[in-house]
Amino acid sequence: MVLFVLPLFISAIITGGLAWYSGSYHCVPGVREFRLSLLITSIWSLFYAFELLLPTVTTKLVASSLGFTAVAALPVPWLATVMKFTGRGNQFKRYFPFILIIPVFTIAAVWSNPLHHLFIQRVSLDVNDLFPIMKEQYGPLFWVHTSYTYFLYVLAAGFLVRLLAHSSRRYIGQPLTMLIGMLIPLVWNVMYVTDILPNQRLDLTPYLYSISGIFLLLGLVYARLFDILPVARDVVMDAICDAVIVLDFQNRVVDLNFAARKVFGWPSETQLISQPFKKIFAPWPAVMELLGSQRPQRTELVLERDQELFYYQATLSLLNDSQGNSLGMLLMLHDNTDSKLMEQDLRRLTVTDPLTELGNRRKFFNALDSEFTRAKRYHHVYSLVMLDLDNYKSINDRYTHLVGDEALRMAANAMRRTVRKTDTVARYGGDEFVALLPNTQEEGALQLAQRLRDAIHDCQVSENEHLTASLGVAVYWPEDQGSEDLLARADLALYQAKEEMLGIVLAEKHSQIMDAAR
């Protein structure tokens, strides 16, 4: 009997000692649960030893029930160890109450078995060997417990295999050590419970935990099991703020992170993996064109999501092996929206008058030069209207500058409402405004000038006072040497209209002076 019982005590000592030794890694996620699983294993080995040593069925049954309590609890801390080791600690916390249901139910069924016999249906004492061994015929609740226990171990093994697949060679020993340490006793237990091994009277699972413990001890010493915690690929990929999409040499999506799913509005990666990029990115022609080029480059992409435009700095890289063979492509998208919008705001501020929110002189002169170049090249005609508020100085003097500023804003809004979208309206300076009118002949310019004057007159400063304006109109001549020629004629016409109180003056055409004074 000593040959059978002594290894159980040795196994208990090994696993208990390993639990004590691993306490030096208490700061590492999963070590606390790892120690608990080792302590439970040690307790199981001890009670199985007592079950073999005790002489009667009654005492053996008590030791067996204590051992089953440890067996029912063991997969929970082991699963917790693996999930925290692989970066899934938050998931375990979320599902922990549900994971405990079957183990708690199993422990209750073990200790209440004399009332229902659904866990162990019958117990007998086998005395055909060197020492008496208790034989148990299991009931349906035992198989529920066993199936659930195997499910938790398979789930933990799956997490370790997934980590193995994404670990570098430097860290492959860590998950491999844990996986082998778990599989050694598990495989034997499956064969014992399912009677794959005939005439096997002893459950060697607790014995094998001593081998598993030694293996894990070697892992602590040589594989540095808890010295350097490997970070799962999912954690690394999803920690990257930029969108990352990996394609294989057949242009199929093989990997992507959370940021990529967020950019394109994909709820999960399940339906995307192994799909050709032409199918996935069909709604985004710019991305299709970039990936279709299959050459490394950096460019800007503008994508629409939820009726908003987002700007991305896109980097496409080619992936090759050491022999230069193509493995696929890597697309990274850096969200540049905030800086792009800030750049647009700054650009807008440089060409916007802060008081009236019309264009300023810079915007006006840029538009004027562009229009002159276009007219010279394509023989177009354009016109310019200059407008000056007649009574602005008087308003400032009588009603304060605040009212004067409001008068300028009213005049600006009136002009903005009157002109076409293709026209450029700007504050030229002080109480002077300009309107650049592309593709506008003399008649159209005069008509618009009249509408502008009427719109200004509709602006009411006080109960009995309206704004009034004088306007100078000039039309492009093919003989103009520069845009300043048109500007000079419009300025001269405005001066004449203001001095002679003529309302609107067409430059160089005194016969068409329109006296619209009211």
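Using N, Cα and C of the backbone, Cβ positions are placed for all residues, glycine too.
All TrEMBL annotations are machine predictions without curation.
The shown structure was predicted, so the numbers you read here are calculated from the model rather than taken from an experiment.
Annotation source TrEMBL lists domain 'PAC' at 295-348. The domain 'GGDEF' annotation in TrEMBL covers 380-510. Annotation source TrEMBL lists transmembrane segment at 6-24, 36-55, 61-83, 95-112, 142-164, 176-194, 206-223.
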The transmembrane segment (6-24) touching the transmembrane segment (61-83) per 3+ Cβ pairs under 8 Å rule: no
Would you confirm whether the transmembrane segment (95-112) and the transmembrane segment (36-55) meet the contact rule of 3 or more C-beta pairs below 8 angstroms, pairs 6 or more apart in sequence? no
Secondary structure composition of the domain 'PAC' (295-348) [DSSP: H/G/I, E/B, coil]: 12 helix, 32 strand, 10 coil
Which numbers of helix, strand and coil residues does DSSP report for the domain 'GGDEF' (380-510)? 61 helix, 37 strand, 33 coil
For the domain 'PAC' (295-348), mean pLDDT (0 to 100): 88
